[in-house]
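Visitor: Just passing along the structure, written as structure tokens.
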Amino acid sequence: MWPLLTMHITQLNRECLLHLFSFLDKDSRKSLARTCSQLHDVFEDPALWSLLHFRSLTELQKDNFLLGPALRSLSICWHSSRVQVCSIEDWLKSAFQRSICSRHESLVNDFLLQVCDRCPNLASVTLSGCGHVTDDCLARLLRCCPRLRALRLENCARVTNRTLAAVAADGRALQTLHVDFCRNVSAAGLRHLRAACPRLALRAEHSAAMLPDQPPRPRAPAAALGKLLPR
């Protein structure tokens, strides 16, 4: 019988190791990288990080991934009961609801600002349930990532017509834009964007039909309230 041959993982060449790492999730890649310096070097190879997908906002705070020029596709899809809380207008939130949001309201914006600085070759971004992402942050993303071809936004309550205007101004390479269930995007804003960018594949499922945010009603002065109260 032929003797059984064994091979240690570190005996594989770089190409094979990168291929092996590509099948692992972020946590598994980080765990394997901790075992030796050679595998840590593979973990830090930019070629390994062309695609990033996050299923919760807490994942954005981990150190099990790398941001760099190799990143082409980014998705942050947060499906949680807390998304409903984040979507409530700020002035309508209770103190308890505000305390919940305060724990993560800046996470996506801060993360995207890092993306703007480190990932100029980004081609696709998907944000779902990111209720605190702002127009200013998305406008900067469009300016800093000139190769962005697809931007898909779903249930992002703070996205308004200002994002549509930023797309018209800076989304030169953009081919696809989705603004689904974004209640502060109006029909007029969509019409203006379609006129400005006729070749853009634009989808806005239910957005213009939803009730937009309303400013808080001013409280009546005490004197006026006194007149309304029965004597």
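Here the Cβ of each residue, glycine as well, is placed from N, Cα and C on the backbone.
According to TrEMBL, the protein has these features:
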{"type": "DOMAIN", "residues": "15-54", "note": "domain 'F-box'"}
{"type": "REGION", "residues": "208-231", "note": "region 'Disordered'"}
{"type": "COMPBIAS", "residues": "220-231", "note": "compositional bias 'Low complexity'"}
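Each of these features: where is it, how hidden is it, and who are its neighbours?
Guide: Same-chain residues lying 6+ beyond the ends of the domain 'F-box' (15-54) with a Cβ under 8 Å from its Cβ atoms: 9, 60, 62-78.
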Visitor: What average pLDDT does the predicted model assign to the domain 'F-box' (15-54)?
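Guide: Computed over the domain 'F-box' (15-54), the mean pLDDT is 95 on the 0 to 100 scale.
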